[in-house]
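Visitor: Next up is a structure, given as structure tokens.
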Amino acid sequence: MDFVRLARLFARARPMGLFILQHLDPCRARWAGGREGLMRPMWAPFSSSSSQLPLGQERQENTGSLGSDPSHSNSTATQEEDEEEEESFGTLSDKYSSRRLFRKSAAQFHNLRFGERRDEQMEPEPKLWRGRRNTPYWYFLQCKHLIKEGKLVEALDLFERQMLKEERLQPMESNYTVLIGGCGRVGYLKKAFNLYNQMKKRDLEPSDATYTALFNVCAESPWKDSALQSALKLRQQLQAKNFELNLKTYHALLKMAAKCADLRMCLDVFKEIIHKGHVVTEETFSFLLMGCIQDKKTGFRYALQVWRLMLSLGLQPSRDSYNLLLVAARDCGLGDPQVASELLLKPREEATVLQPPVSRQRPRRTAQAKAGNLMSAMLHVEALERQLFLEPSQALGPPEPPEARVPGKAQPEVDTKAEPSHTAALTAVALKPPPVELEVNLLTPGAVPPTVVSFGTVTTPADRLALIGGLEGFLSKMAEHRQQPDIRTLTLLAEVVESGSPAESLLLALLDEHQVEADLTFFNTLVRKKSKLGDLEGAKALLPVLAKRGLVPNLQTFCNLAIGCHRPKDGLQLLTDMKKSQVTPNTHIYSALINAAIRKLNYTYLISILKDMKQNRVPVNEVVIRQLEFAAQYPPTFDRYQGKNTYLEKIDGFRAYYKQWLTVMPAEETPHPWQKFRTKPQGDQDTGKEADDGCALGGR
């Protein structure tokens, strides 16, 4: 036996009886840990170093070395050596790490846990309300008062933070409805439907006012497509529940259809209103006129046809209806002149179409009479729908026979548009030479002379105003219906009358005649029209009149003056005057000056404008960039080697300055339409796309 194995026998071999003594503390007579027993140095055989062993283990080794069997000791020593190696493997890491268990994990779970910890740090637990406890009705009145003052953010914060989190009150249906109505005024679609979802989660039954506010917020939303989808889904849900809408809710739905859809959907809603037995009012036709205005090509003809239907049903138009008619004359066209002539200049045929069939039966009872009135109204609407969307081939009818086009029987055409009075833009046909001026007012079907058979060229707002009587005829028609013009009516008239005409000069006199207080928008309209004509001095002459009425020019006034600054000295003088008045020009003013300089191809003037814009650090928007990119392009036929062009000889200098100017100018950031209404703007990074996605009823 070699010395190594002999040393192992003395070091490892021990009887089983002494193994228990290793775990018994000799001093206190209690069990002790195997590694925490009493330790003392012991010299191992054939070793020059001392080892720290427990006291019981030392005794065990000394006794076992004397009375153990060699063969048994050999197997026991090998087994104990393997157990010690298994126990000591991996124990070195205990000094550096305390983790005992490792699991597989993904990065997103760590991000979620980190986000939860961050939210807990940023949003502490709200404190309980310690003041006087209020009622939900008190919060309803407070939110209603704040919304009337235009403080929607404060109303939302009062409801969500103080009422729900601090006082922890159970809200009522009216608390949600008043906030949804406030969101509807500003078009805050996402928040309105969020409140509607919270309302349903609390098992609160929405009222008619709630649905009216929801349809109204869809109508006022800046994103028309997503608002239309949300409104249609809400309407489908109400139809699935057989929920009967009242007239106000139908008006909100009709308003949504007018602003987000087209005239066909408006007529569908209008027919549903009649089918449900509701009595249509002037307000109902006002929303139909809104739907007509959405069609910029044929909306003016649509508006006239809807107007005649309203009169045929015995309804008196209001001042708002007249204002909407002026908007149609300003923004919309007449469409196909031949179709318009067939539909608007033949009142007798139209009356027979709109007239319901006469019954030869005896007078019926009240219920039957009501059903008859309902049927009559439906016939009127269906006849109107057929005429509104009439194709040109259907309106013209069969071709005219050849004998009707004999040269000897041809009748002269007289175009009356050339007269400065703008009474009509029509073509008159008569056996005798017709008068040059024809008084025409299409608002009254019977007022159209029988000699007028077709329209001439109707392209400008002044031409369309002439078809409804002109300035004086329009105001006289309002007087017949006992309506007085307001400042909006006169402002719209100032936009549609022809610039430089005598009617334009009468507008200031009409202010005093009807005792209407003028506002800055009215004078800005007059200043803009004179500036577009190039009459800058005439536009400046209105400033003393404006000051005489106690009004102060704003940025829009200076912007309208900038439209007429075609000469460099006028534009630079305007910028100097604004600087003296301590008014900083905005992007719109510089855009108007840039447009005036581009029209004259004056690159020196253009560089001066850009220098002033750079000095004032006015941010640049997309419109200005588009204007300057157009100015920096060479004309398609420009050839610098063919000849000298006096207008384009300085374009290279402008291109060099423009390239350097772009690198130092700030860009204008368009704010989100709902940013100012959010209670926590810094934590809400919703974009327009997210807003659209959040408006889907299924995901609320």
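Cβ from N, Cα, C; glycine included.
Small disclaimer: the values here were computed from a predicted structure and weren't measured.
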Visitor: Pick from 107-128, 393-414: which range has region 'Disordered' per Swiss-Prot?
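Guide: The range carrying the region 'Disordered' annotation in Swiss-Prot is 393-414.
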Visitor: Under an 8 Å Cβ to Cβ limit, what residues of the same chain, 6 or more beyond the ends of the repeat 'PPR 4' (246-280), are close to it?
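Guide: For the repeat 'PPR 4' (246-280), the far contacts come to 208, 211-213, 215-216, 218-221, 224-225, 227-228, 231, 235, 287-288, 290-295, 302, 313, 315, 370, 374, 377-378, 381-382, 384-385, 388-389.
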Visitor: What residues elsewhere in the chain lie close to the repeat 'PPR 5' (281-317), defined as a C-beta under 8 angstroms and at least 6 residues from its ends?
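Guide: Distant contacts of the repeat 'PPR 5' (281-317): 247, 251, 254-255, 257-259, 261-263, 265-267, 270, 273, 324-325, 327-329, 331-336, 339-340, 343-344, 350-351, 354, 377, 380-381, 384, 387-388, 442-445, 464, 468, 481-483.
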Visitor: Within the repeat 'PPR 3' (207-245), how many residues are helix, strand or coil going by DSSP?
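Guide: When I sort the residues of the repeat 'PPR 3' (207-245) into the three classes, I find 30 helix, 0 strand, 9 coil.
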